[in-house]
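Input: a single structure, listed below in structure tokens.
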Amino acid sequence: MIEVKHLVKKYGEHLAVDDLSFTLEKGQILGFLGPNGAGKSTTMNILTGYISATEGIVTINGHDIFDEPEEAKKCIGYLPELPPLYQDMTVREYLNFVADIKSVKKNEKRKMIDRIMRMTKITDVSERLIKQLSKGYKQRVGLAQAIIGFPEVIILDEPTVGLDPMQIIEIRDLIKELSKDHTIILSSHILSEVSAICDKVMIINKGRLIVSDTPDNLSKHIGGSQGLHLEVKGEQADIKKALESIPEITKLEFEKSSKGGIVKLSAYSAEESDIREAVFYALSDAKCPIYDMHSTKMSLEDIFLELTQEKENVHVSKNSNRLFRRSKQKNEEELAALGEEINNQESEHKEEN
Amino acid sequence: MLAIFKKELKSYFTSMTGYVFIAFFLIIVGIYYAVYNLMNRVANFEYVLSGVSFIFILLVPILTMRLMAEDRKQKTDQLLFTSPVSIGKIISGKYFAVLTVFLIAMVIICFYPLILLQFGSVPLKTAYGTILGFTLLGAAYISIGLFISSLTESQLVSAVVSFVVILITALMDSLVNFLPADNRTCYIAFFIVVLLICWLLYSMMHNMTVALTAGVIGEAALTVIYVIKPGLYDGLLTKVLGWFSVIARFDTFTSGLLDLSSVVYYISVVFIFLFLTVQAIKKHRWN
């Protein structure tokens, strides 16, 4: 459906997008995640043919966006970062205009516009001038514009910006509904949004793809190990002794702040093994009651923060930056190393406290 | 294309611009008409249009300043350039919309010679020939304004630059008379022009070899021609700059000639500037 190969965009010497490749099948929702200036909008502008790439190939539905722009653009609906609205038009006039330039058939036009206005809940402002609408409504008109003609690919740049929580949920449901027969790419820096609706997440920073996976797999694999947070009553030495008898545990971390004889600690094990039962019996044998036990699977938010911040620490010099870019294998190796580093950093952090 | 044409035309008449343009245009032409034709009792309508041709310097920038600049500023160009309509069609849609506003005013002006007809015999052929020339002149200026509007996102910059450029083309005729016409100065002037073109090439493409090759070939050709046949350079500067004098061609119409080469000239200007507009937008997308 969408195929992107070795996309590079340079602004003078500045690399905005650096060797980005991915494919997307029909009916999938892809989420672009990254801090401001990561190259999300640039990538989307290239995908939609608004700006051209320095290098690389983009094919939409088999049509190259650079060689057959009109054919490719017929398959795309695009909501840019700033909704492209004509302020002096009414909502209906505007959607009519968009339907015209997307060459929607005359006899279907009215019906389609009415349906889309119902979907995006803007029917009651249809006769108002766009400049008089609130930001949330403008955003929804922008979304309606992207859906017009029901193109096969819908690309949304931060679709829920400026909406209130209720509207965000509505728009999310709408996107999910649309994904049944459309391929959708959306970008966001709201992580819960991406993890809630996307089938696939791509985290980009400084134009480079850092990681690409399903939201579930991301949080599972990135840490490299599973953690268990425990609050146990008893002496630290006893607890340590009891837990060290369990072979699956790879690492123990004690937090310094223990109140009222309750020790807080984290126990890490290899990815697959479940140590909860063993921990329970070991501690009960040592007569140390467990007050709290929960797994510390990293949320998407943690991963995002760690990955995007770690990168900056790891690549202090430009040279290492280049090296990193060169081989994908290295990329993965470094990711694994990163996972460890994250754990180390966490422990340091805790000791500071 | 039709959708863009309709939308642009409508926006001229939902905002003030369209009305203001037509009103100013008709007032100024009306004043000249009253003074020249009615008060002085002259039957030649072409005098009015030839006297009033400075009007484009003021009114074309007002008409064209927002065309592309506003789209870029409001980011609505993202809608246009990601829609399945080619850039050429978008540009021509916009161009024909402005042209239509201008033509509305011209259609009203077509009635003026007929009013004169009430009072005696009027050289109608010359009058309508001049109206045709005037329309072509306007069409050419509008294409220049459209091109300038596509270079910036500020309407003010667009208007000021259009104003200056149209002013220069209007004054070109008198300016070139002050230029030296001997072959040596012309040779030096063209030498500098080629250097400038090379520098422009380099700044656009960042390719030293291309710019250098073009420069060396260009300068060599100029020098060879100068050595072999220096007579070719006599008055060349005046001639070349004369091509840019858009308004000079209009004089052939006012003197009662329907010169095909002038018609072709104006239509070529329109095409060249529409083409340049498309290229400017494509270039903007590359950066």
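Note that Cβ sites are derived from N, Cα and C of the backbone, with glycine treated the same way.
Within the chain, the transmembrane segment (B:12-35) has long-range Cβ neighbours (under 8 A, six or more residues past its boundaries) at 45, 48-49, 51-52, 55, 58-59, 62-63, 66, 97-98, 101-102, 104-105, 108-109, 112. The feature transmembrane segment is assigned by TrEMBL to B:12-35 (among others).
As annotated by TrEMBL, transmembrane segment applies to B:47-69 (among others). Below 8 angstroms of C-beta separation, residues 8, 17, 20-21, 24-25, 28-29, 32-33, 36-37, 77, 94, 98, 101-102, 112, 130-131, 133-134, 137-138, 141-142, 144-146, 148-150, 152-160, 162-163, 166-167, 170, 247, 250-251, 254, 277, 281 of the same chain, each at least six residues beyond the ends of the transmembrane segment (B:47-69), sit close to that stretch.
Here TrEMBL flags B:95-115 (among others) as transmembrane segment. Long-range contacts of the transmembrane segment (B:95-115) within the same chain: residues 4-5, 7-9, 12, 18, 21-22, 25-26, 29, 33, 37, 45, 48, 63-64, 67, 122, 124, 127-128, 131, 134-135, 138-139, 142-143, 145-146, 270, 274, each at least 6 residues beyond the stretch ends and with a Cβ under 8 Å from a Cβ of the stretch.
Among residues of the same chain six or more beyond the transmembrane segment (B:127-149), those with a C-beta under 8 A of the stretch's C-beta atoms are 44-46, 49-50, 53, 56, 60-61, 63-69, 91, 94-95, 98-99, 102-103, 106, 109-110, 113, 155, 158, 161-162, 165-166, 169, 246-247, 249-250, 252-254, 256-258, 262-263, 266-267, 269-270, 272-274, 276-277, 280. Under the heading transmembrane segment, TrEMBL lists B:127-149 (among others).
Marked as transmembrane segment by TrEMBL: B:156-179 (among others). Sequence-remote contacts of a segment are chain residues at least 6 beyond its ends whose Cβ falls under 8 Å from one of its Cβ atoms, and for the transmembrane segment (B:156-179) they are 53-54, 56-58, 60-62, 64-66, 68-69, 141, 144-145, 148-149, 237-238, 241-242, 244-248.
Annotation source TrEMBL lists transmembrane segment at B:185-202 (among others).
TrEMBL lists B:209-228 (among others) with the feature transmembrane segment.
Annotation comment: TrEMBL describes B:263-281 (among others) as transmembrane segment.
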* Asked: Which bits of the chain, at least 6 residues beyond where the transmembrane segment (B:263-281) starts or stops, bring a Cβ under 8 A of a Cβ in it?
  -> 68, 81, 87-88, 91-92, 95, 132, 136-137, 139-140, 143-144, 146-147, 150-151, 246, 249
* **Contacting positions for the transmembrane segment (B:185-202) when only residues 6+ beyond its ends and CB under 8 Å are counted** => 208, 210-212, 214-215, 218-219, 222, 226, 230, 233-237
